Structure formats: structure tokens, C-alpha cells
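Here's what TrEMBL has on this protein:
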- T99: active site (ACT_SITE)
- 20-201: domain 'L-asparaginase N-terminal' (DOMAIN)
- 220-326: domain 'Asparaginase/glutaminase C-terminal' (DOMAIN)
- 413-445: repeat 'ANK' (REPEAT)
- 512-544: repeat 'ANK' (REPEAT)
Amino acid sequence: MVRDENGILKPEPQVLERRLRSFPQLHDVAYASANFSEAEKQPLILPRTGDPNRVLYTIYEYHPLLDSSNATMDDWIRIALDIKEHYEKFDGFVVLHGTDTMAYTASALSFMLENLGKSVIITGSQIPIFEARSDGRENLLNSLVVAGNYIIPEVTLLFNNKLYRGNRTSKVSASDLDAFASPNMPPLATIGINIDVNWKSVFQQSSLEKFRVHSKLNRNVGLLRLFPSITVEVVRAFLTPPVQGVVLQTYGAGNGPTSRKDLLDEIKRASLRGILILNCSQCAQGRVDTAYETGNSLCEAGVIPGSDMTPEAALTKLSYVLSKTEWSLCTKKQMLQANLRGELTVLKLAKLDDFDLITAVAKTMQISSAEELESLQTALYPSILCSITAKGDLEKLEVMRQFGAYLSACDYDFRTPLHIAACEGNLQVVEYLLRKGASVHMRDRDHNTPLMSAVIWDQHDVIKILTKAGAHLSLPPTQLADALCTAARNGNVKRLESFLLAGASMLEVDATKRTCMHVACEANQEKVLRFLLDSGIQTQLSDVYGHTPRDVAELLGHHHLVALIDNSYVSDSVQKSVNSSYSP
């Protein structure tokens with residue numbers, strides 16, 4: 001937002017990136033100049049913040065820019081699809097958004113981004129970022145630091161040094177800098193001198209499927225707030241077609257007027273017609289409880305309890321569930337009550353509250369306070385988890401999980417249990433960890449993901465299940481090409497197969513435009529060449545000297561390799577001839 005000549009705040013295009021490049025806390029000019037040429041567009045780079053990674057970021061600006069009060073479901077879909085398009089290029093995403101409808105967007109994206117494995121943070125400001133007293137610069141800086149250094153696989157909302165689960169938030173103030181609240185759930189992270197993440201509260205996916213976007217939403221939904229003496233005509237009008245779903249905001253713990261039989265009958269008739277009616281409290285804190293007669297009567301009329309969902313989460317969830325045409329009406333009702341993305345509280349049985357090893361160490365160190373014990377657990381759990389994982393002990397892993405251990409916790413080398421299991425090739429442990437929410441995108445000290453660890457150790461079965469769960473290679477193209485060329489030079493067919501299973505292109509070129517096939521011909525690696533030809537890799541690419549792999553083999557006198565390549569040409573020609581003769 002920029003003030004016009006009349007002092008009115010309006011969206012102004014093509015300003016943000018140019019101005020941010022002049023903010024030293026948001027762009028390190030010296031680092032950018034030293035590491036990127038002037039000919040290429042330099043990314044924006046955060047100065048050192050004391051966090052493990054240096055954050056590089058790119059800005060994509062929408063046209064036209066919108067005031068968030070004008071945002072629609074189409075804009076939610078557009079944001080979701082843009083994240084999908086760039087998902088494998090970046091480690092995290094920050095969406096700059098106006099505050100008025102930010103909670104709606106965060107809630108909607110949380111449902112639309114299915115099997116999310118990376119951080120998506122929505123943020124903005126109460127005072128525009130270019131104003132002298134703006135809170136926007138700090139919100140943006142914190143969002144970039146979190147998205148670039150922490151894998152919190154949720155759609156979150158960051159505001160005023162707190163990171164909330166997006167579908168748990170509501171805007172609670174039009175004027176305070178502390179504009180958002182999460183009434184029924186504490187923040188996922190608090191930002192002070194240090195960034196403290198409550199990893200136990202991070203939502204853990206249990207699916208082994210890849211990230212995808214559900215880009216359809218049902219628009220025939222609405223919010224109906226009960227008030228004393230509301231007429232049956234108002235309720236009837238609200239429940240008539242094309243309306244297919246309604247969030248009913250009731251009193252207290254989900255209560256409605258039992259004395260109003262006309263209202264209850266109208267609601268029941270709508271429910272029998274297939275309209276989904278979701279019960280949410282008008283109170284910011286607390287949850288819907290059918291223990292009261294006034295709440296139970298609504299339940300008997302077909303109203304679905306919404307637990308402690310915010311109105312924003314309830315409305316967007318209703319829109320999402322109704323758009324799932326493959327689900328039956330019964331399934332849709334069940335899904336509205338299910339905890340899909342951490343949007344509602346599920347009451348759990350009390351977990352075990354003692355652990356022999358931790359207790360013994362605590363006694364030895366004379367630790368007595370809850371804070372000290374928590375710090376001890378945080379320090380010891382990662383190493384214990386990695387040790388148990390290396391032994392493949394599923395039973396002990398489950399015990400640790402029940403004691404509250406975070407299964408993506410990092411050891412001193414930033415390795416997670418999934419890194420260890422991937423290296424060991426223990427398929428059962430890998431699948432267990434994935435089903436319990438372990439992240440496939442965490443990086444160790446060498447910046448290797450679990451998938452890259454599996455590639456390095458040639459664990460083919462593990463590579464298959466990790467890619468199925470959404471893992472992907474994140475090496476820069478030239479670095480990937482160097483790794484492929486090294487494997488080809490060494491005759492390491494198994495490593496090339498590992499890269500191929502992980503989704504690598506065998507056509508990546510190094511600094512001299514050579515592919516791994518060029519190197520195989522140069523190093524006289526017949527097995528490698530056979531593997532590449534059998535995998536359908538093209539042979540006509542030229543390096544900087546204009547040489548194809550065949551040219552390299554011929555120049556070096558590797559005539560048997562020349563014959564292999566020539567035979568592949570003949571086989572390809574015959575196959576194309578057969579295909580064309582059978583084409584309609």
C-alpha cells in the first residue's frame with residue numbers, strides 16, 4: 001500500500017521489490033554483488049540472522065494488486081495453483097496479504113494444499129511497509145527467516161512475533177499491531193531473541209502421497225448467526241437453493257433456542273434435503289458441546305458439531321468438503337467432524353508421563369523444574385531417536401512417539417530419523433516415519449534431504465517410497481550434472497539408476513555442456529552407455545566443442561561404443577516405423 005496525492009492508501013504495482021532492495025535488513029547488497037553477476041537478475045538475500053541458512057528469495061507480484069477486502073475464492077485458487085507451479089523450486093513460500101481477509105485465505109489454503117510438505121506463511125501488516133512506523137518489515141523478515149530455516153508443513157499466519165496455525169486464526173483488532181489471535185490453540189512458534197518452535201504442536205500428515213492442490217471450491221455456502229427473536233422466514237430464506245452448506249453460529253457451547261420448534265423444524269427439513277449445517281459457537285474461545293439440551297436439540301435436527309473451529313475455518317472447510325464430488329453425503333458429514341488440517345481440537349487420551357532414561361538423567365543432573373526437564377528432553381530425544389532408527393526398532397520408536405518425541409527432530413548434524421532410515425534402507429521404518437508425519441524435505445548439515453541420502457546409499461526401494469510421498473531432488477542443475485558425470489566416469493550404474501528413480505534428468509549438462517553420456521563415452525564405460533541407451537536417453541546433444549557422445553567415442557577410438565550408439569539409432573528408427581505403420 002502506498003499513499004496517493006490525497007493521502008489515501010492504495011495498492012501500487014512494481015514498487016515492492018525495488019524498494020526492498022534498499023532496505024539493509026531485507027537485502028544484503030554486498031553479498032548479492034559478490035555472488036551474482038549484474039547480467040542476471042539478482043535474488044533478494046537476507047543478511048545473516050544467526051540462523052543455519054542464508055535466505056535467498058524471489059518476489060512474484062500479482063497483476064492487478066488487490067486490497068484484501070476485494071479477495072474472492074478465485075484468488076485463493078490462484079495462489080494455491082501458483083504454489084503448485086513453483087513447489088519444487090523453493091524450500092518455502094511467503095504470501096503477502098492484506099489483514100482484513102487474511103484468516104479466510106489462510107484457512108482456505110490449508111485445505112486446498114493437500115499433503116503439504118513445506119512451509120507456507122501468510123503475513124502482512126497493520127501499517128503499510130513503506131510507512132516510517134510500519135510493522136510490515138519485521139513481519140516480512142520473520143516470515144522469510146522461518147520459511148527459509150524451518151520446515152513447518154502447514155499453512156501458517158505470522159503476525160507480531162507469533163506464528164499461528166492459519167486455520168486457527170481470526171482478526172481481533174482493527175487498530176492494534178497484535179491484530180490476530182488463535183483463541184483455542186497456542187502459537188506454533190514465538191519469535192524473540194530466539195525462535196522457539198513448539199514441534200509437538202506441528203500438524204503431522206499421515207499420507208504417503210505427493211503434494212497436490214485441490215483447486216475447486218463450492219461457493220454455495222454462507223454464515224448464519226443466531227440472535228434472539230430471529231424469524232423463521234430469515235432462516236428459511238438462508239436455507240433455500242442454491243445454498244448447499246451453512247455455518248450456523250450459535251450461542252455459548254453450541255446452543256440454540258429449544259422453544260423455537262419452527263426454527264428446529266426448518267433446520268431439520270433443510271438437513272433432510274442434503275444441506276450441510278455446521279455448528280460453531282459465537283464465542284471466540286471454547287467448543288461446541290452437545291451435553292446441554294439446547295445444543296443436543298440442534299444435533300437431533302441434523303446440525304453437525306463443529307468443535308472449536310473459527311468461523312473462517314468452518315466456512316472454508318465447508319466449501320472444500322462440498323467440492324469433493326467423489327465423497328458421499330455421509331462421508332462429507334464425517335469429514336466435517338474430522339481433524340483434516342489441525343483446524344479443530346481432538347480430545348486425546350492422556351499419554352504416558354514418565355520415561356526411565358530421561359528420569360535417570362534428570363536425577364543425576366539434579367533437574368527438578370518442568371522447564372529444565374523439557375530442555376533435557378529436547379537435547380536427548382533426537383540422538384535417541386536416530387539411534388533407535390539405525391537399529392530398526394519400530395516398537396521403541398512408537399514408545400518414543402507416545403512420549404511426545406517429534407519424529408523430525410534433528411541431531412547435531414541436522415539429520416532426522418528419516419535420514420538415518422533412508423541410509424540404512426530400512427523400508428519398514430521409512431514407511432512408519434512417513435505415516436507418522438516425518439518430513440521428506442528436512443536437510444542435514446551437508447544440505448542433503450532423506451531422498452538424497454537414499455540416492456547416495458543407492459537404496460532403490462526407499463527412493464521409490466520417498467518420491468511417492470512427495471520427495472524430490474533439490475540440487476542445482478549444474479551440481480546434479482556433476483554428480484551424474486562422476487557416476488558415469490566411475491562406471492557406477494547403480495548410482496545413475498538411483499538418480500533416475502529420484503526423478504533426475506540424465507540430460508543435465510555440466511559447465512562444458514557435457515551430459516553423463518559424453519563422460520561415459522570418454523571414460524570407455526560400456527555398461528553405463530548401455531544403461532543410458534536402454535533408458536531412452538538422447539544421444540544427439542553437443543558439448544561446447546560441438547561434439548556429441550558418438551563424436552567423443554569416435555575421436556578416442558572406442559569403436560564398440562560407436563557401434564552401440566549406431567545400433568540404438570537403428571532400433572529407434574525401426575520402432576518409429578512400426579508405430580507409424582500402425583497409426584490410424
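Heads up, the Cβ atoms here are built off N, Cα and C, so glycines get one too.
Remember, predicted model here, so these are calculated numbers, not experimental data.
Here the domain 'L-asparaginase N-terminal' (20-201) returns a mean pLDDT of 93 for the predicted model. Beyond its flanks by at least six residues, the repeat 'ANK' (413-445) meets 52, 91, 117-118, 151, 153, 203-206, 208, 382, 385-386, 388-390, 392, 394, 397-398, 401, 407, 451, 453-454, 456-457, 459, 461-462, 465-466, 469-471 of its own chain at Cβ-Cβ distances under 8 Å. Note: the repeat 'ANK' (512-544) comprises 16 helix, 0 strand, 17 coil (DSSP; helix = H, G, I, strand = E, B). Secondary structure of the repeat 'ANK' (413-445), assigned with DSSP and counted as helix (H, G, I), strand (E, B) and coil, comes to 17 helix, 0 strand, 16 coil.
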